[in-house]
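Here is what TrEMBL records for this protein:
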- Cys42, Asp44, His105, Cys108: Zn(2+) binding site (BINDING)
Amino acid sequence: MNKILKGVIRYNKNITEKAKLVADIDKVTRQMVQPKSVFVSCMDCRVLPSKFLSSKIGEIYFLRNAGNMVPHFDAYKSGKISSEGGGLELGCITNKIRNVVVCGHSDCKAAQALFEIRHNCDHQHFLLDSPLRTWVALHGSRTVEKFSKIYSEENQLNDSYHLKEPLHFTVNLTGQDVDAIIDPDNQFNIQDKFSQLHCLEQASHVKTYPMLHSYLSSGELHIHALWFDVYTGNVYMFSVSQKKFILVDDNSFDILMQDVGESPPSF
Ligand SMILES: [Zn+2]
């Protein structure tokens, strides 16, 4: 706690910064600033979305857990309640937010835990000895199921790093199936490819919540997938038209905006 307490004391001493924070919060409260996104990401300490999104107070609802999980609604139906559904309701229903972003990342330890138990993904098996494995097995079972269908013996590693062929994975974020190509340039290791597939699968779970169906079918609510590379700091977004994660930068901006149905602003 030394670091945390010292951090609070340092924060208290910086009167100007503290006053600015309070003023910014007050402004958001008084002006009823409308947050724009619900952002689901991993709790990994290296992943700080507000940094790479350059976001300010009042703009984004952050939901963080081990492995950027969005529990499928079937889990709720069977009584396995977790906080993420409540977070989606608070964001999308109570606060009328119309963008949900699910963000994965490279070297994700939670995704790696799921990858390691992929041959025995029954959450009951881990119930007593590992809450993490129970969690990822319970909510990541669909990732594993889909991964095992495309990660066949014929498509094993070419060497210790690369696959012989890119993985193709059907994902549905927009109401239409898209043939997603995972890491077509073979830049990432198999765990990171798995993490990208997992990110897309978790993003697709957002649409399983009945409370969101009318907003999705009317085109008011959009679901997106982002992926953060902890080694380079690069941020990728899944492009429906390109069928793959593409680097977010000036060159891809127009493509990504057209993908999400928003015209780029004219200058
Ligand atoms: Zn992670």
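Backbone N, Cα and C atoms are what each Cβ position is placed from, and that goes for glycine too.
All TrEMBL annotations are machine predictions without curation.
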**Message:** With every protein chain in view, what's the tally of Cβ atoms within 10 Å of the Cβ of Cys108 (Zn(2+) binding site), excluding that atom itself?
**Reply:** 27
**Message:** Suppose we draw a 10 Å sphere around the Cβ of His105 (Zn(2+) binding site). How many other Cβ atoms does it contain, all chains included?
**Reply:** 27
